[in-house]
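Copied from TrEMBL, the annotated features are:
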DOMAIN    12-462  domain 'Major facilitator superfamily (MFS) profile'
REGION    482-509  region 'Disordered'
TRANSMEM  12-33  transmembrane segment
TRANSMEM  53-74  transmembrane segment
TRANSMEM  81-103  transmembrane segment
TRANSMEM  139-157  transmembrane segment
TRANSMEM  172-191  transmembrane segment
TRANSMEM  262-286  transmembrane segment
TRANSMEM  330-352  transmembrane segment
TRANSMEM  372-397  transmembrane segment
TRANSMEM  409-431  transmembrane segment
TRANSMEM  437-458  transmembrane segment
């Protein structure tokens, strides 16, 4: 559309926030309608398993989107993938407007889920490749805030439209989701491609232009301590020309990457086992279990989204200044205990009932004050999650991988998280039907065990260089890289070192070795 790209990282952050807004729209776009009598009558009273399919179709799409990302990421640029995701969402929304059976709903949510899956890896990857290290956490915080805000807005939009009491309600709600995507799609034509991706694909001139335009714009507004280096194309080749595209997925399970892959996967599984998605997806079910009806039910069901949105402001302030492992565990252990407490209260004070309003997933009832205790614990759960696990595991996962393995490592770990998310979301209605209160004890117990594993085997990455982090997972390197990050900063860089890389591109088609001499720790000369 235009050769002029946005180089102001503040504007790029705004566009990434719109992408984050898109990620949150599907969380509540179905749950409100799923407990409505007219909706169930229109679709012939879906069984618990069919309800699970409807809710899980989005997460299955997310998993499929992650797989698509892993297959095409080496060939398609980051901005191109933003275009692809936007188009898929538009198609899914159109299908949602014209649904006439539950399978069309599932298809619509599956297609939009593909976009969510692609964006869930793409957004952190894009931010990681374009922003300086000390700003990545804050920008991720902005996208998470936008995600929670969209969840709240869509929830109330659905509650309002639900008052219509007919099929126009859900058709209008799902049609509204097109608007933010159209805005985002238009703005992505001005997004710059990342210098890392351009360098890996041989477009050194364009990579240099974007790198230096972004650096110039950023440095004019920040002090010399927090600045982005101006780099020549040879500098970029020296930094990124390390054969990242040659790394195979199977290499992630071999030395020296298998430990990072395992730990990153555990971090993503922790988020899913915590139960946050089940709690947010099925909060209306919990409200039904404790006796809330009508407007009272929808108001109480919206409180977690208010909390999630409001508290998402705080990680933006401290995300770049706290230790990753401690913050993760500070959230994980309390969340596991809260989930267990919810299950215990349900078991002690609840009893079996016939399906409430014909919903076979809601067959357990808690009367009086214990029901309010459960609601209070659900709200406390959201508070702790929003302050800790909402962003930290994603940042933690991206930091444990070195530059060469990060694209594929992140893709695999997040895909593993999506797979578990699919399974839990699909089985949640069945678990509530058969396990009842045991569902919450199971999730809490597994979260507690995973938290112990992280506390024992997890490595702290905060404020460490890439080489120091790599040495934490590779004992062969520990002799060379020890000490704190401050020690790393003071390491002398006056010694000249020589390296050679083979660059094969339009500018060097013969793939001749270029000898680079590194000096002063920051620049290269031929």
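Residue numbers in this text run from 1 along the chain shown.
For all residues, glycine too, the Cβ spot is worked out from N, Cα and C.
Using the rule of three or more Cβ pairs under 8 Å, pairs at least 6 apart in sequence, the transmembrane segment (372-397) is not in contact with the transmembrane segment (53-74).
Beyond its flanks by at least six residues, the transmembrane segment (262-286) meets 27-28, 31-32, 34-35, 55, 59, 151, 297-298, 301, 304-305, 308, 328, 332, 335-336, 339, 359, 361-362, 374-375, 378, 381-382, 385, 389, 393, 396-397, 400-401, 409-410, 412-414, 416-417, 420-421, 424-425, 428-429, 432, 439-440, 443-444, 446-447, 450-451, 453-454, 457-459, 473 of its own chain at Cβ-Cβ distances under 8 Å. Contact between the transmembrane segment (172-191) and the transmembrane segment (330-352) is not supported, since fewer than 3 Cβ pairs fall under 8 Å when only residues 6 or more apart in sequence are counted.
The predicted model assigns the domain 'Major facilitator superfamily (MFS) profile' (12-462) a mean pLDDT of 89. The highest tally of CB pairs under 8 A with the transmembrane segment (437-458), across 139-157, 330-352, 409-431, is held by 330-352.
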